[in-house]
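What TrEMBL records for this protein:
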TRANSMEM  35-57  transmembrane segment
TRANSMEM  69-88  transmembrane segment
TRANSMEM  100-117  transmembrane segment
TRANSMEM  129-152  transmembrane segment
TRANSMEM  172-192  transmembrane segment
TRANSMEM  226-247  transmembrane segment
TRANSMEM  253-273  transmembrane segment
DOMAIN    350-482  domain 'GGDEF'
Amino acid sequence: MPPFNDGPIISVRMHMDMSVKIGGQPEVIRRVTKIYARLLIAGFALSPAFLIAYLYLFQDPGLKFEDHLFHEIAIAAATLEGIFVTYVSWRCYLSSGEPLLRWLTLGFLGFTLIYALHGVFTGMAHHNIWLFLLYGPASRLAMAILLLIGLLSFNQEPDAPEQRINPRPWRIWIAAFLLTDIAVAFIAYSAIAGSPAVRLTMEGGALFFSAVNIILMLAGRIRSPLMTIFGISIVLFGLSSLAFILGKPWNHMWWLAHAIFAGGFFFLSYGIIQAFHTTRSFSSIYNQEEMVNRLAMAMVRTESALQELQHSNRMLEHLASTDPLTGASNRRHFIERVDAEIARSRRDNLSFSLLALDLDNFKAINDHYGHQVGDEVLQGFVQKCLEEIRPYDSVARMGGEEFMVLLPQATLEVAVAIGERIRSATENAVFDSIVMPKVILTVSIGVSQFGRDGNTIDTIFRAADERLYRAKDQGRNCVITT
Ligand SMILES: Nc1nc2c(ncn2[C@@H]2O[C@H](COP(=O)(O)OP(=O)(O)OP(=O)(O)O)[C@@H](O)[C@H]2O)c(=O)[nH]1
């Protein structure tokens, strides 16, 4: 990620007047606020430790709240929540194929299938306390191990689509969880059930695997937003195991341990929901800084792509409206301009004029000097016209060696003067060619005026053309107005 120092500020205009500004703040403030943000996260994750310490130091550990129905309702709610979160993370896994999400799904599934029996056997608490108790630590141990494996798979290649939908591994895992249920029942009825080592091994194991998980996350500097949620949840799971170790069935520490675990579970499921509503993956959700950076870069790219597109559009427009040989307007574009001029003249009660031009004996130039010289003469002639007309007049090549000039707001007299200028400049020009220098050229011109010679494009074109032919008849190299 680029450092946020005093470097150049990228500012990208968004819709309306919003802008994304990146960079610019002093490095020291950036560092301090980052450290503060990390301390906040650590403080938040570790806050249940204060409650545990408080209860451990100041409460009578003998105080109990033994309510079987309340416990059954709480575990039933946790089981339903577990099923729902398992389903959502499985949907995320199906979309992204991310191995971490596969292990998260298995973690939730395993926890739910084992933990449910902790609630089911609440009524057995007086008959066989271990049958009731051991499913709790067993479920937390299974989940801690699966979440640790999940972390180890972080950023691995996604599973192939056919692997994601293969039901076999899921069936095997469900069977393994049900076997765990049976194994826990077996232990509960065995001679070692009451040994503190059994419960301590399970709960301590859950605590141990959670601690390893956190150490690996810190060592790997894994800090994306969803993985931060993952990490905080793991800390809460670990602290709940600690509270379970310190508590006794039904006492306040024991209930607190349930609440801390529930907090971790809720928070991790919040991360799952975030993934579900975005990329369906845990690794590809960026932090806000990176998102803003990416957004800014994407907008810079969009902006330059837009400019290129506008440039290309202008080029296309130009190509579609000009004659490729001479650069003059083409017939289609010229007719559009004359139509627009007619509309303007009608609206403002103005007049304009047209010149119809045809090079004299052009065939002879082609025949004598060749087509390439002819082409260069056509280009030279258009240049001559452009030099002689006014800035807002326009020249078009109508085909072959026939041209037209549009003279907005020009009376017939002005048009004749401009036509005469073109004729004389052409006659006196020397059209140099690489192949054959000094080609002499003349042009015949017919003039018509909108209003005077007609009120439609056809009539004024026809009038100019007729006068052009008359100019040819009268010996060429002249301008004719009647
Ligand atoms: N070099 C070149 N010649 C062209 C082009 N388009 C048309 N021509 C030539 O222009 C010539 C027009 O010949 P004509 O219609 O007989 O007219 P002209 O020789 O100018 O005779 P008048 O118009 O009666 O003075 C033909 O030889 C065409 O081949 C072009 O793009 N390049």
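The backbone N, Cα and C atoms fix where each Cβ goes, glycine too.
Tertiary proximity for the transmembrane segment (172-192) is limited to same-chain residues at least six positions away from its ends with a CB under 8 Å from its CB atoms, namely 106, 109-110, 113-114, 117, 128, 130-131, 134-135, 138, 142, 198.
Highest Cβ pair count under 8 Å relative to the transmembrane segment (35-57), across stretches 69-88, 129-152, 226-247, 253-273: 226-247.
For the domain 'GGDEF' (350-482), DSSP puts the residue distribution at 60 helix, 32 strand, 41 coil.
Using a Cβ-Cβ cut-off under 8 Å and counting only residues 6 or more beyond its ends in the same chain, the transmembrane segment (129-152) has close neighbours at 99-100, 102-104, 106-108, 110-112, 114-115, 117-118, 121-122, 177, 180-181, 184-185, 187-189, 193-194, 198-199, 202-203, 205-210, 212-213, 216-217, 222, 230, 234, 237-238, 240-241, 244, 249, 261.
Long-range contacts of the transmembrane segment (226-247) within the same chain: residues 41, 44-46, 48-49, 52, 55-56, 61, 136-137, 140, 143-144, 147, 151, 154, 200, 203-204, 206-207, 210-211, 213-214, 217, 253-258, 260-261, 263-265, 267-268, 270-271, 274-275, 282-283, 285, each at least 6 residues beyond the stretch ends and with a Cβ under 8 Å from a Cβ of the stretch. Per-residue confidence over the domain 'GGDEF' (350-482) averages out at a pLDDT of 92.
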